[in-house]
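In what follows, a single structure is set out as structure tokens and then discussed.
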Amino acid sequence: MKAWQELTITVHREAEEAVSNLLIEAGSQGVAINDTADYIGQENRFGELYPAVEQSEMVTITAYYPNSADIDDIRQTINQGLSRLKQCDVELGELTLTNQELAEEDWADNWKAYYEPARITHDLTIVPSWTDYEATAGEKIIRLDPGMAFGTGTHPTTKLSLFALEQVLRGGETVIDVGTGSGVLSIASSLLGAKEVFAYDLDDVAVRVAKDNIALNQATDNIHVAAGDLLKGLTQEADVIVANILADILVHVTADAYRLVKDEGYLIMSGIISEKLDMVKQAALNAGFLLETHMLQGEWNALIFKKTDDLSGVIGG
């Protein structure tokens, strides 16, 4: 019987995607993310509330490696990667790293237990790729395979981004997705009526994962995925730019975003913890955007900015 090695790491929620990607690059065959924020006040697929849990700033990420892999080398690689993240001022919190062996049949199903279909917005439901799910009238289904990296698409920062896209997209727009990760925001943009979507990520793993997830979904031939360093060097204008990435990186996006967003277009920024909200907001205001909407879930913030000279309906900076 082939066995697997299960490695579990507990980190601050802000570092979830960066650490998930690190585990994949170290050779993981899949990751599962357990975040209490995904369950606070949420109903499961049967309409029942999940048991009451105390929300924590920490998330638990479980990765799976073949039994033949040298777990000591893997731990060393991961620790080196974590050190690099610390140097980039990524909030990691109090780290915990453990590992154990897991039988083949346990590995095949263990991480799937974390993932149920989830109605995220009025129109959008995220469904795991292996689940048979019948959509109701008007319900738009996003199919994802979370067994790779970048979580399940139900993290508060992703939810806020999806709410924002649902708010600004009316059909026929060009959208740029910065730091696409799983590709969930690009898929959602297409389902919500965008004419064309351009998805970029600096990481080759993310580009592959996004392409694989997009292939799981219908009517997504209009999504173009490529490697790219934020918005640097791009000339393609867009009606909407969405960026769900670390706050410290968002501040470097605003100037290029203003250059690329069409007049009366939108910049959506998510992934912002409350303590860094003013920093991100000021960067966008300095670039020339006007703040239209501020959304909050727990400690996470999303901002919708507009490129306009019309001050009506705009929140004061």
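A Cβ is built for glycine as well, from the same backbone N, Cα and C atoms used for every other residue.
Lifted from Swiss-Prot, the feature list:
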type    : residues                       : note
BINDING : THR158, GLY179, ASP201, ASN244 : S-adenosyl-L-methionine binding site
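DSSP classifies THR158 (S-adenosyl-L-methionine binding site) as helix under the three-state reduction.
Less than 8 angstroms from the CB of GLY179 (S-adenosyl-L-methionine binding site) sit TYR200, ASP201, LEU202, ALA206, LEU230, ALA243, ASN244, ILE245, ILE249, each of them six or more residues away in the same chain.
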